[in-house]
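Taken from Swiss-Prot as is:
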- Arg339: active site, proton acceptor (ACT_SITE)
- Asp630: active site, proton donor (ACT_SITE)
- Val117, Arg124, Tyr125, Ser275, Arg312, Pro540: acetyl-CoA binding site (BINDING)
- Arg339, Glu431, Gly456, Phe457, Leu458, Asp459: glyoxylate binding site (BINDING)
- Glu431, Asp459: Mg(2+) binding site (BINDING)
- Cys616: cysteine sulfenic acid (-SOH) (MOD_RES)
Amino acid sequence: MIEYVQAGTIQVAKVLYEFVNEELLPNSGLDQDKFWSDFAALIADLTPRNKELLARRDEIQEKLNEWYKEHRGRFDFHEYKAFLTDIGYLEPEVEDFEITTDNVDEEIAVQAGPQLVVPLTNARYALNAANARWGSLYDALYGTDAISEEDGAERGSSYNPVRGAKVIAYGRQFLDEAVPLVEHSHKDAVQYAIVDGKLVVTTEGGATTGLKEPEKLIGFQGEPQNPTAVLLKNNGLHIEIQIDREHPVGKTDKAGIKDIVLEAAVTTIMDGEDSVAAVDAEDKVVVYRNLFGLIKGDLTATFEKNGKRLTRTLNPDREYKTPDGGELVLPGRSLMFVRNVGHLMTNNAILDANGEEVYEGIIDAVVTSLIMKHSLIGNTRYLNSRKGSIYIVKPKMHGSAEVAFANELFDRVEDMLGLERNTIKIGVMDEERRTSLNLKNCIYEVRDRIVFINTGFLDRTGDEIHTSMEAGPMRRKNDMKSSTWLAGYEKSNVAVGLAAGFRGRAQIGKGMWAMPDLMAEMLKQKGAQLKAGANTAWVPSPTAATLHALHYHQVNVAAVQNELANDRNDYRDDILQIPVVDNPQWTADEIQEELDNNCQSILGYVVRWIDQGIGCSKVPDIHNIGLMEDRATLRISSQILANWLHHGICTKEQVLETFKRMAKVVDEQNAGDPNYRPMAPNYDDSVAFQAACDLVFLGYEQPNGYTEPILHRRRQEAKAKFAAVQQ
């Protein structure tokens with residue numbers, strides 16, 4: 001049972017109450033009693049509006065369901081659009097405008113670069129992500145399939161000089177492309193020196209040359225004639241050539257280069273939403289405490305690796321001498337956003353005056369802003385924002401009224417915490433259909449505080465399926481990627497953002513590369529997101545961030561956005577194309593293949609979520625390829641099966657049989673995990689297995705197809721069950 005403390009009209013879980021009072025409020029400039037009374041007032045004032053917005057979601061869904069049923073077999077696009085306008089689903093568009101957000105850090109407004117998303121429940125992962133601002137290109141190439149293992153270049157258990165030579169050659173080729181020399185190639189270099197404020201490169205034949213664009217030299221470490229590091233800059237991102245002739249790699253390199261370090265994850269989203277399993281007060285405090293440790297700069301994580309005990313901490317800033325003899329300090333860490341939850345869920349961390357759980361998004365807004373305030377008032381080892389801003393990502397909003405509510409919430413939090421108006425900046429996830437179609441209006445509601453919009457294919461597909469559940473059977477999951485609506489959605493996000501003045505002011509982001517082991521493929525494909533106008537895109541690991549950084553050297557994002565700025569196309573008719581299959585011709589084998597893939601994916605993710613509280617993990621798919629799974633991937637998998645079930649493409653018995661068969665596969669895939677609880681053969685006794693079934697068999701009724709209500713309920717059940725067994 002959770003122990004509560006009465007704080008005015010609200011009851012606060014003791015674990016949260018003590019954390020806030022003992023750790024967050026000291027040195028915050030806030031009075032404890034006033035903080036809690038203001039919090040209670042905010043809850044009382046904003047809860048009714050939150051409820052209204054959720055009721056509006058349900059009302060719209062009911063109207064959609066009825067319309068689709070009535071028009072099945074006689075769908076008329078113009079009639080459909082008129083209906084969506086009548087019910088307020090399609091909003092009248094606001095006049096043209098430009099955002100006016102100010103005090104935005106360069107990492108968001110100016111620098112284009114990779115963005116990491118990492119669960120706040122895992123301190124080690126969070127530290128790794130924060131430190132992924134800089135990454136070793138040599139390590140990223142050597143340790144992944146980015147460099148092939150052909151011709152004796154296997155990775156192996158010890159250093160392979162053949163592979164090392166391939167890595168070095170790749171690095172030199174990169175330097176030739178990003179920071180070319182006037183004559184010769186970086187491959188010919190035997191020495192790098194700083195002479196009269198310029199980079200002088202000596203080649204094997206004794207000739208000297210310099211940079212084709214001398215201004216790309218930014219700084220160095222060590223002595224000018226014999227630097228230990230040379231700092232260059234291309235397309236807004238830094239490149240550090242590290243030189244050490246005594247180092248095992250430097251010894252083998254004719255110029256003594258031991259590594260090329262790239263500025264990589266310029267920004268990171270510290271996630272308290274889709275990648276975490278936080279279902280109660282205790283879990284929420286873990287999330288908040290790790291965020292506070294990151295902001296203060298004193299978070300540590302100790303772990304064992306290869307038999308050694310290691311402690312991870314935040315990296316310090318990086319110091320250089322400038323070519324003209326000055327000093328330069330660059331951040332050693334990624335600029336941090338925090339992702340709050342959306343408007344849907346409540347949490348038992350606080351009970352309101354009626355004894356009801358408070359909306360989790362309201363709790364998140366207050367507590368995470370209080371945490372990040374400490375960075376603004378000098379209470380932390382490092383600055384997060386150099387511009388005095390707090391960055392919050394707000395997900396899963398449907399239409400502009402919900403974005404306006406987030407704005408009102410942030411206004412109230414600023415007043416409560418003594419922050420100037422628009423100190424709290426918002427990143428709006430464009431991952432629900434009603435937001436995609438009304439994106440201009442959504443941005444308008446937060447035009448003074450918005451710093452990012454981002455497309456999320458997976459959640460957005462989940463909403464696509466659930467919205468039009470009654471329209472008919474939907475395309476197979478992999479076929480969704482070639483849908484008309486999806487191409488329109490991706491183009492529209494960029495076009496609307498650029499038209500609203502995002503260039504040089506805010507991020508336009510694109511989605512996750514979900515296969516952390518397939519880096520060669522990522523290098524081939526992910527550059528397309530930048531060519532489409534994004535100035536940031538999501539990556540699953542620090543290594544992926546380092547490799548994705550290469551794309552930003554190949555593509556000048558600012559130039560791409562300048563070209564695309566004239567795109568005034570309206571993509572909404574494309575976005576409205578429903579991915580329904582009118583006369584499905586799938587064979588029995590194809591249907592079973594889709595069931596196998598989705599059931600295995602659901603079980604592989606849900607079993608860790610429910611039994612171990614792991615909200616984001618690399619889950620092997622049915623072909624044993626590791627895929628990064630979070631609640632967004634779960635939403636699409638569960639909704640596609642719920643849709644097929646509803647339209648008779650498959651039967652409940654078929655799905656249940658598939659779940660049972662796939663449970664054995666997932667059990668086998670997790671056999672090496674000592675904390676794993678098998679689902680087979682006692683399916684009725686496995687809360688995780690039951691949760692997976694619920695997600696599909698109750699998928700039709702779930703609000704907007706969200707997975708959180710079932711996951712939270714079942715995780716709480718599992719926690720209680722495991723605790724009872726331990727007693």
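Just so you know, glycine gets a Cβ as well, placed from its N, Cα and C.
Predicted, not measured: the structure shown is a model, and the values here were computed from it.
The structure, with features from Swiss-Prot marked on it.
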residue	record	DSSP (3 states)
Val117	acetyl-CoA binding site	strand
Tyr125	acetyl-CoA binding site	helix
Ser275	acetyl-CoA binding site	coil
Arg312	acetyl-CoA binding site	strand
Glu431	glyoxylate binding site	coil
Phe457	glyoxylate binding site	helix
Cys616	cysteine sulfenic acid (-SOH)	coil
Asp630	active site, proton donor	coil
Cα-proximity to Val117 (acetyl-CoA binding site), 10 Å cut-off, over recorded positions Arg339, Gly456, Leu458, Asp630: Arg339
Minimum Cα separation from Asp630 (active site, proton donor), reported as the residue among binding-site residues Arg124, Ser275, Phe457, Asp459, Pro540 that achieves it: Ser275
Spatial separation of Arg339 (active site, proton acceptor) from Leu458 (glyoxylate binding site) - C-alpha basis, Å: 17
10 Å Cα neighbourhood of Ser275 (acetyl-CoA binding site): matching recorded positions from Glu431, Gly456, Phe457, Asp459, Cys616: Cys616
Cα-Cα distance linking Cys616 (cysteine sulfenic acid (-SOH)) and Arg312 (acetyl-CoA binding site), given in Å to the nearest integer: 20
For the recorded positions Arg124, Arg339, the one whose C-beta sees the most other C-beta atoms within 10 angstroms: Arg339
Candidates Arg339, Glu431, Gly456, Asp459, Cys616 (recorded positions) with Cα within 10 Å of Arg124 (acetyl-CoA binding site): none
Where Arg339 (active site, proton acceptor) sits in the secondary structure, as DSSP reduces it to three classes: strand
